[in-house]
Amino acid sequence: MELKSEVADSHQNQKEEEQQQHFHVLAVDDSLIDRKLLERLLRVSSYKVTCVDSGDEALKYLGLVDELKNSSSSASSSSTSIHSPEQEGSKVNLIMTDYCMPGMSGYDLLKRVKGSSWKDVPVVIMSSENVPSRINMCLEGGAEEFLLKPVQLSDLKKLQHYLLKSLDHSFSKTVHNHDFIENDVVVDSDGNKSNENSNKNNSNISKRKAVSPELPSERRPKVEGLAVV
Amino acid sequence: MAAGVLQLQRQLTDYTASLFSEFNQLQQLQDESNPDFVVEVVYVFFEDSERLLNELAKTLDQQSIDFRKVDAHVHQLKGSSSSIGAQRVQRVCIPFRNNCEEQNIEGCLRCLQQVKQEYTLVKNKLETLFKLEQQLLAAQRSMSTI
């Protein structure tokens, strides 16, 4: 229940607006074409997208590289990580990764993520090859879904379900709801600010396909800046 | 003048329809906010494929052929052609990979020729498509300035 200065408010507003209006997907694929296509598919579906070209880059973005070195259990938001989520301004709600990549495979990345503080983030694996044993291995490894390439718009509909699920868990690293005036700002141990999730957000998400998630008419800028209960 | 535009439009529609099954998905992703999406992706595909085809020719030209490397390149080409909807290119990659597995040099060289042919075909189709689109745009523009 902090009252912040107006200047800080408007800056925070902009950041929070970006975070709050779209689910943020981290897309991992070594193929430039597939990255471009996936990025477009996700944008058309109103998701925010960050693309990286390898598992290593994905781990860096998630701030997990330091974690591995220090074997600490919390997501590292230390100063050494340039790509830490807070500095990027967005949390990751979903990871979509190609299976077959040089170096770290999608499965390797899956295991790393599931063994970290990002373990609650749904991970989807994509592959151009339909290999049942591979699919089973990934699903058993904790992947929410296995998609065959080329990924279609209709495939992305399945993903909404997992994103909604992650909201239900009041997962602190997911979308904030700015449609309510009343927001509890919670500062967790990592220094991340997040808002309590609400049902209203869910109904917005289910309409996501038909309607842009931006609902400017419902926003009330004056009150937004204040963290008020 | 209007008749010319209509004719171009019909040509374009017919041509697009003939490519429909392959590139439909790509077309769906294009809209007013990203009017150049298809062109951009396709040109990435061209560059990527040509690079891979050159690599393949080089790798297969070695004294001692690294079949794993050949296979890796074909796998990439198969993936990108599949993603973009170039099904004929993708299809030829399948026997290509089998030949790699069997370490069959002749088979690989044959497949390389086939892939090149299919790639050239699809490249021509797409370039024709883009040219038609541009002609149509130009005609429409000149009409609107009358």
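Just so you know, glycine gets a Cβ as well, placed from its N, Cα and C.
Feature annotations, reproduced from TrEMBL:
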type: REGION; residues: A:1-21; note: region 'Disordered'
type: DOMAIN; residues: A:24-164; note: domain 'Response regulatory'
type: MOD_RES; residues: A:Asp98; note: 4-aspartylphosphate
type: REGION; residues: A:187-229; note: region 'Disordered'
type: COMPBIAS; residues: A:192-205; note: compositional bias 'Low complexity'
Cβ packing number for A:Asp98 (4-aspartylphosphate), 10 Å threshold:
25
What average pLDDT does the predicted model assign to the domain 'Response regulatory' (A:24-164)?
85
